[in-house]
Amino acid sequence: MAQSNLYSRVLGTGSYLPPNRVTNQDLADRLAKQGIETSDEWIVARTGIHARHFADPDVTTSDLALIAAQRAIESADIDPQTIDLIVVATSTPDFVFPSVACLLQDKLQIKNGGAAFDIQAVCSGFAYAVATVDALIRSGQHRTALIVGAETFSRILDFNDRTTCVLFGDGAGAVILQASDEPGVVASALHADGSYTNILCTPGHVNGGIVAGSAFLHMDGQAVFKLAVNVLEKVALEALEKANMSPDQVDWLIPHQANIRIMSHTCRKLGLPQERMIVTVGEHGNTSAASIPLALDFAVRDGRIKRGQNVLIEGVGGGFTWGASVIRY
Ligand code: UT7
């Protein structure tokens, strides 16, 4: 039975970036060998990205998720055996199945039979996971949840396509959410419009034991840009309205880290000073479902985000999907 005074609260955060840091110049040199021109100047001016991290070939999404999860568990100071729900937001899972969440449960040696599943909402995956897990905790069905956004997008990048391969990176971010009589996640809003499949997709699929179709990420950047700026402002305001809050009560905005131009636009539209936005896109690139929890963990650990502050997270991505949550940290 749902209890009206039951909330889910962030107990701890963690994140992990694989050590291989690839600068724009590194990428420009690599592409030049294939006769493709790009530059640090173009990438910085159009996206705000200076570098991204790529996982080594034998490292999987669940490997990145494991380290982020261990760090979140440590910061929450809980016994991992009390985690009764694991949700991993990813579009680059280790396998077709089982889910990364199940692999992670095993890697963490959690033996309590709790639930584990993946959420596939691309760059909105973490926002989708927070809203879903919050509902499962508020209903009383689960008490202590591990949410991870983890990606190895480098695996689906076409390094012959300069319009996409310079944008994305690998990484993982995690949070522990636990039932509490204090908020917590205050309100969330989620949306999707499946008619936009073609502007952002990785259409390859397994058929007859082989990958049929392109397994590379395809994006119409300008179409995505236009849609993103439109829906991000709306969904942020929707979540704030549900939380009975106005934008000036937001201490920190954590947008999905895709492009500094999109992020700054939303921040301006909400009337927030740019200093109240957490920005990691410059060093992480776009890590899809991992970008928000990575940024959250960085800002918690460097002391910017403090207990009691209001954090607005928002994401947009393939599907098309978009979502936002207001979280009292
Ligand atoms: O995470 C999911 C959500 N994803 C996003 O939010 C991404 C949204 N889109 C974007 O961030 C931007 O549209 C991009 C960063 C992808 C592109 O920026 P843009 O300002 O929209 O550039 P554009 O696509 O209009 O391209 C401008 C020019 C083109 O050349 P011409 O046609 O003007 O001669 C491109 O061919 O820049 C060229 N170009 C490049 N030049 C150097 C495209 N990619 C590159 C590159 N290096 N890597």
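Any Cβ shown, glycine's included, is placed from N, Cα and C.
Quantities reported herein were computed from a predicted structural model and do not represent experimental measurements.
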Residues flagged as region 'ACP-binding' in TrEMBL, choosing from 32-36, 92-96, 257-261: 257-261
CB contacts for Asn286 (active site) [other CB atoms within 10 A, all chains]: 23
Under 8 Å by Cβ from His256 (active site), counting only residues of that chain that are 6 or more apart: Cys123, Ser124, Phe126, Ala127, Asn286, Ser291, Ile292, Glu314, Gly315, Val316, Gly317
Within the predicted model, mean pLDDT of the region 'ACP-binding' (257-261): 98
Packing count at Cys123 (active site) (other Cβ atoms within 10 Å of its Cβ): 33
